[in-house]
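Annotated features, as they stand in TrEMBL:
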- 275-379: domain 'HTH araC/xylS-type' (DOMAIN)
- 6-22: transmembrane segment (TRANSMEM)
- 29-46: transmembrane segment (TRANSMEM)
- 58-78: transmembrane segment (TRANSMEM)
- 90-109: transmembrane segment (TRANSMEM)
- 129-152: transmembrane segment (TRANSMEM)
- 173-191: transmembrane segment (TRANSMEM)
- 197-213: transmembrane segment (TRANSMEM)
Amino acid sequence: MLYLTGIIVSVYLLILLLAKPQKTTADKILTAWQFLATIHLVYLYLFVTDQYKAVPGLLGWELAFPFIHGPFLYLYTLYLTNQQKHKYRWIWHFLPFLVTYLIWIPVLIRSPEQKLYTYEHGVPGYKGVIVGQTIAIIASGVGYVIAALILLKRHRRNIAGQFSNTGKITLNWLRYLIGGIGVIWFFVTFYLTAQSLYISVSLFIFFLGFFGVRQEGIFNRRAAGQHPPPDGSPGPLNEAPPQQVTALLLKSTAPGKVKYEKSTLTEEDAVLIHEGLVHLMQETLLFKNAELTLGDVAEQLDTHPGNLSQVINSRIGKSFYDYINGLRVEEFKKMMAHPQNQNYTLLSLAFECGFNSKSSFNRNFKKFTGQSPSDHLKSRDTD
């Protein structure tokens, strides 16, 4: 019954994914992955409980399933973070999956009785194929885990140029999950027992489905104002293809290294945008909006997000994320020093300044001051 629970939970999560409204492309990829992973889990269940002998006709079709998880992991991460460039190149990722079936055709076309005999006594002449397939599975797993982690690292850099609070979109859960699947592949290398493998895969599928159901689209929210783009600049982020979004964000997240070679922004316009930005933040305290994005600020300044990003990077020397959170930290220090705020907790003041979580507040405060909020308060009281 313990083993059967994994399948029941997997089917339940699959139903939730199918019922999820307004599914993004990433959601659809995850749903397909969850469906195939559930089938793979059923096969593992049959082998763990020794029930495969009752359904010998199904044997052989599970041999290629290990080759689907790496590509699906990579593609899900790719589309969730909007870093896809070529729409149909995903097909090539599943070539090993298809080739495996071609290799095993002599086994697949056998009768159920012959398949069962083959599984219990081995396949003559296929020893080298089995060794090669095992190596290929391990290489596929390791390769796709590394590729997915690289995508997530790039994603964290991207969102720093676009959002002022990144707590819900850093995808830390996916990073931990990728690490988990990496561990599974590592143990497969040392011939993990069928029971341990089944439990590991069950847990992976559970967490994948659970967090996948809860995950919202990241760049499908209003991230940019509805402004016509300046000459030579890309269109608004929410109207541009995802690859253009990523390209723009990558340009805007490396202060001091970006050359803005194709930018048509003049020095005079850059000065005006900079002055307008400083004035806007001082007069309206717009940074107190916890959901503030680069597009929101650009809309207030009646400029294109790409130009605003360039000004923040080149003239202030920060990403949008660091710029806004630096202002929040300074505002917090002012509020903390005011006598009328002494009865409020540090966290309530932090929320008032635009932070949306305790961890984000503590991390950014220490980043800009070199102290924790409580240490800063103690040092201020002793002065």
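From the backbone N, Cα and C atoms, a Cβ is placed for every residue, glycine too.
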_Counting Cβ pairs closer than 8 Å, which of 29-46, 90-109, 129-152, 197-213 has the most of them with the transmembrane segment (6-22)?_
197-213
_Stretch-level contact, the transmembrane segment (129-152) and the transmembrane segment (197-213), CB cutoff 8 A, at least 3 pairs_ = no
*Are there residues at least 6 beyond the ends of the transmembrane segment (90-109) whose Cβ is under 8 Å from a Cβ of it, and what are they?*
60-61, 63-64, 67-68, 70-71, 74-75, 115, 118, 123, 126, 129, 133, 136, 140
*Using a Cβ-Cβ cut-off of under 8 Å, list the residues of the same chain that are 6+ residues beyond the ends of the transmembrane segment (29-46) and lie near it.*
3-4, 6-7, 10-11, 13-14, 17-18, 23, 52, 55, 58, 61-62, 65, 68-69, 72-73, 75-76, 79, 194, 197-198, 201-202, 205, 208-209, 212
*asked:* Summarise the domain 'HTH araC/xylS-type' (275-379) as counts of helix, strand and coil residues per DSSP.
replied: 80 helix, 1 strand, 24 coil
*Summarise the model's confidence over the domain 'HTH araC/xylS-type' (275-379) as a mean pLDDT value.*
87
